[in-house]
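Since the structure comes first, as structure tokens, the remarks are kept for the end.
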Amino acid sequence: MKTLLLTLVVVTIVCLDLGYTLTCLNCPEMFCGKFQICRNGEKICFKKLHQRRPLSWRYIRGCADTCPVGKPYEMIECCSTDKCNR
């Protein structure tokens, strides 16, 4: 009986997500379907749009610990919920 109880406790601990991990989209296309699980300490999802030439944008998405600072010809959006950087 003690073995069964100990086994249940171990399985419960292994299966529970004891900490919240943020999930952000991570791909260079306009319409993104790939995502990544952020590392410990990364609590921000971001989307960076970099204008390469008129009417041509490069998309960069991912996780960050703080919201990145934009450079000229860049737009940056930051958020803090799962897959919010669409």
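Just so you know, glycine gets a Cβ as well, placed from its N, Cα and C.
Of the cysteines CYS15, CYS45, CYS67, CYS78, only one is given by Swiss-Prot as the disulfide partner of CYS24: CYS45. Swiss-Prot lists a disulfide bond between CYS67 and one candidate from CYS78, CYS79; that candidate is CYS78. Of the listed residues CYS63, CYS79, CYS84, CYS63 is the one Swiss-Prot pairs with CYS38, by disulfide bond.
Proximity to CYS63 (disulfide bond), judged by a C-alpha distance within 10 Å, picks out CYS24, CYS45 from the disulfide-bonded residues CYS24, CYS27, CYS32, CYS45, CYS84. For CYS45 (disulfide bond), the disulfide-bonded residues whose C-alpha atoms fall inside a 10 Å radius of its own C-alpha are CYS84, out of CYS27, CYS32, CYS84.
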